[in-house]
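Visitor: Just lifted these from TrEMBL, have a look:
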BINDING   ARG23, GLU79, LYS119, LYS435  (6S)-5-formyl-5,6,7,8-tetrahydrofolate binding site
DOMAIN    216-361  domain 'TrmE-type G'
BINDING   226-231, 245-251, 270-273  GTP binding site
BINDING   SER230, THR251  Mg(2+) binding site
Amino acid sequence: MISRDSIVALSSGRLPAGLAVIRISGSKTRFVVETIAGAVKDRFTTLRRLRAADGSTIDHGLVLFFPGPGSFTGEDVAEFHVHGSRAVAARMLETITRFEGVRHAEPGEFTRRAFLNGKLDLVETEALADLVNAETEAQRRFALRNAEGAQSKLYSSWRRRLIHARAMIEAEIDFADEEDVPGSVSDAVWSDVAVMIGEIERHVEGFKAAEIIRDGFEVVILGAPNAGKSSLFNALAKREAAIVTDEPGTTRDLLEVVMDLNGLKVQIVDTAGLREAAGKVESIGIERARAKAGETDLILLLEDMADPVPVGEVSRGAPLLRVGTKSDIAGAGAGGYDLVISSRDGTGLGALLDEIGQRAAAAAGDASEVLPSRLRHVELLKEASGFLRAALAGHSQELRAEELRLAADRLGRIIGAVDVEDLLDVIFSQFCIGK
Ligand SMILES: Nc1nc2c(ncn2[C@@H]2O[C@H](COP(=O)(O)OP(=O)(O)OP(=O)(O)O)[C@@H](O)[C@H]2O)c(=O)[nH]1
Ligand SMILES: [K+]
Ligand SMILES: [Mg+2]
């Protein structure tokens, strides 16, 4: 249920700042605006003196009024843009919450009202949260596309196809003697269901790319002690993030820095040097390094070209780049490396970053593709395709129709719009049964 209260909150960030935006939503909004700022024209910005309850001036600021339902929440919404001090924001909030029926908003409550009023579906709500949290260009583009409805459109179109398919099958079962019902439509229906299974399962595979965009592309630096791992790590981080000494076994824990590479989030992980005879702490570090390497997106296997030490097998499937280090003292001519670098004089670091950037971009996939953005979506999509597979394999038309219903229900759950009326609408609109 939507609470009848009007809600108010500081919608902009940490204060002090240039401006603070105070947003209010609900039936009291117009009264609050008119009392504090005087009457304003809908959807126009107006500069006004803003009055406290005692008539004194709180601040001068911009006022915007959006009448519902054509607003973000679907209710009357207003914004006050005031000077961004803690004192001004506090006095505004205090003044507004003094109105009867107006209270501070709960976290996410504006968006919740937008969802409950049908302004956004569940996937769009999630995408909006992603957009607010986006740090990289790829995250921004991905979230924006879904906030604009790309994912929702896809799921809705699959769901419509299934509702249609089920209506066809049900019609065959229930009204087979009616002349307006096309006979033997089921072949077309089942071949479309087979196509849709392929589409859904391909889409689910795209979750890996979505995870790269959302959570980042991970690169683990591995190699023997003193191979120059931490020196490279620091060079990429552009700061002394890891301790570097000439002592083998300096790094023990996993260390991580996050970078933005051509608009993609990339995590670089430094690890303990791999060797057999090591102390207790170092052995644990080496175990962690190996475990990390087992589940990463790219391994950089470093080797000191001046003093190569074999480390044995390190990759269990993750792509691997062989990187020769310390080219400043090893000189040219060393072979068998994908890339040669010197963290000391910077040789090869640009090429290495290019290579990582290209691999990250390839893993994040084609920017125009619609991808599932949550594990929740993937789980429901897998359930849906499971029901569709069962429907294809089934014998009884009744049970097969039920599997179609379950699959459509799962798609409806993703967008948060399960509605039984749909089915009847489709049946009666397509076949003139009531004639
Ligand atoms: N000449 C030269 N020396 C380097 C270079 N990179 C690292 N070193 C030196 O090699 C030694 C080991 O460097 P680290 O970066 O600590 O090596 P590591 O692989 O992290 O070592 P562990 O953490 O002990 O496994 C230090 O003395 C560095 O100064 C390089 O590009 N050129
Ligand atoms: K070292
Ligand atoms: Mg190190």
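Including glycine, each Cβ sits where the backbone N, Cα and C put it.
No curator has checked TrEMBL annotations; they are predicted automatically.
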Visitor: Counting Cβ atoms within 10 Å across all protein chains shown, which of the binding-site residues ASN226, THR245 comes out on top?
Guide: ASN226
Visitor: Find the one among the binding-site residues ARG23, GLU79, LYS119 whose C-alpha lies closest to that of THR245 (GTP binding site).
Guide: ARG23
Visitor: Calculate the distance in Å between the alpha carbons (Cα) of ASN226 (GTP binding site) and LYS119 ((6S)-5-formyl-5,6,7,8-tetrahydrofolate binding site), and round it to a whole number.
Guide: 58
Visitor: Give the subset of the binding-site residues LYS119, THR245, ALA272 lying near ligand 3, defined as CB under 6 A from any of its atoms.
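Guide: Passing the 6 Å Cβ check against ligand 3: none.
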Visitor: Select, from ARG23, ASN226, LYS229, THR245, THR251, ALA272, each of the binding-site residues with a Cβ positioned under 6 A from at least one atom of ligand 2; if none does, say none.
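Guide: Near ligand 2, sequence order: ASN226, THR245.
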Visitor: Same-chain residues six or more away whose CB lies under 8 A from the CB of PRO248 (GTP binding site)?
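Guide: Looking at Cβ-Cβ distances below 8 Å from PRO248 (GTP binding site), excluding near sequence neighbours, one finds ALA224, PRO225, ASN226, GLY273, ARG275.
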Visitor: Should we count any of the binding-site residues ARG23, GLU79, LYS119, ASN226, LYS229, PRO248 as near ligand 1, judged by a CB under 6 A from one of its atoms, and which?
Guide: ASN226, LYS229, PRO248
Visitor: In whole Å, note down how far the CA of SER230 (Mg(2+) binding site) lies from the CA of ALA272 (GTP binding site).
Guide: 9
Visitor: Using DSSP, how many residues in the domain 'TrmE-type G' (216-361) fall into helix, strand and coil?
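Guide: Within the domain 'TrmE-type G' (216-361) the tally stands at 40 helix, 36 strand, 70 coil.
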Visitor: Secondary structure at ARG23 ((6S)-5-formyl-5,6,7,8-tetrahydrofolate binding site) (DSSP, helix/strand/coil)?
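Guide: DSSP call for ARG23 ((6S)-5-formyl-5,6,7,8-tetrahydrofolate binding site): strand.
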Visitor: Report the nearest neighbour of SER230 (Mg(2+) binding site) in space among the binding-site residues ARG23, GLU79, LYS119, THR251, comparing Cα positions.
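Guide: It is THR251, whose Cα lies nearest.
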Visitor: Work out the three-state DSSP category of LYS119 ((6S)-5-formyl-5,6,7,8-tetrahydrofolate binding site).
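Guide: Where LYS119 ((6S)-5-formyl-5,6,7,8-tetrahydrofolate binding site) sits, the three-state DSSP reduction gives coil.
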Visitor: Let me check the 10 A CB neighbour count of LYS119 ((6S)-5-formyl-5,6,7,8-tetrahydrofolate binding site). How many other CB atoms are there?
Guide: 19
